[in-house]
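Enquirer: Handing you a structure now.
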Amino acid sequence: MRIDVLSLFPNMFSGPLHDSIVGKALERDQLELQVTDFRQYSTNKHGNVDDYPFGGGAGMLLQAQPLFDAFAATQKTASEAGIPSGRVILMDPAGVPFTQKVAEDFSHEDHLTFICGHYEGYDERIRTLVTDEVSMGDYVLTGGELPAMVMIDAITRLLPGVLGNDESAPGDSFSTGLLEYPQYTRPADFRGMKVPDVLISGNHQKIDEWREAQSLKRTLERRPDLLKKLQLTPKQRHLLRDIQIELDESED
């Protein structure tokens, strides 16, 4: 996968995205990352990329010209390498919320371009370049760089071969729609806190059943809203009823 990022602060990406899983993906050529400072494409002699909004109002808006020209340059480079244009993602608090499902959707693309804004907002014409407007949540950050880095991390770990164990990503919280079950490692008894017997029983069917029940329980306790979005199997609905009864009894 190739990822292009258009940003006024390209140096922000050099640390977080060159360590850990993303850094290894870059080293192995599983991911190509190009960060472009779109200020370099400003035709203003002072290198300005923002201006006052027509009609008045607070703050400054990013101008269309620098971003249009930077975008054209990155797309040309990708095209010459035989890489399709792909999807163009605008970091915007008004966009659709970024979720694991969105990350999985993006991970199937060959090429993604992230546009990171600053100042009060964008000249509306910039949106004509965009295929997806995405938000990290109902809050406002200084710029789009941090959300872009979070999204790139979430997407990269879903690429084939990036994680050491191909079963790791599908088992993550939210990948199944449920929160992940509790996990333990050695020792089996740490300061009197013991690993559940089922996990050291060697009975894989029982282990799978325990994990499913624990995922349902943890989701019910911490994120019950997620359960409303799922089509539970009859078995899961039965488990959930038992879990709810157990929780109700423990509160009495």
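The backbone N, Cα and C atoms fix where each Cβ goes, and this holds for glycine too.
Quick paste from TrEMBL:
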- 1-229: domain 'tRNA methyltransferase TRMD/TRM10-type' (DOMAIN)
- Gly117, Met136, Gly137, Asp138, Tyr139, Val140, Leu141: S-adenosyl-L-methionine binding site (BINDING)
Enquirer: Restricting to the chain of Leu141 (S-adenosyl-L-methionine binding site) and a gap of 6 or more, list residues whose Cβ falls under 8 Å of its Cβ, or answer none.
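Expert: When sequence neighbours closer than 6 are ignored, Leu141 (S-adenosyl-L-methionine binding site) has Pro147 within Cβ distance under 8 Å.
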Enquirer: Just name the winner among Met136, Val140 (the binding-site residues) by count of other CB atoms within 10 A of its CB.
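Expert: Most Cβ neighbours within 10 Å: Met136.
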Enquirer: Could you list the residues of the same chain, at least six apart in sequence, whose Cβ is under 8 A from the Cβ of Gly137 (S-adenosyl-L-methionine binding site)?
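Expert: Those within reach of Gly137 (S-adenosyl-L-methionine binding site), by Cβ under 8 Å and sequence separation of 6 or more, are Pro97.
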Enquirer: So if I draw a 10 Å sphere around the Cβ of Tyr139 (S-adenosyl-L-methionine binding site), how many other Cβ atoms end up inside it?
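Expert: For Tyr139 (S-adenosyl-L-methionine binding site), the 10 Å Cβ neighbour count is 7.
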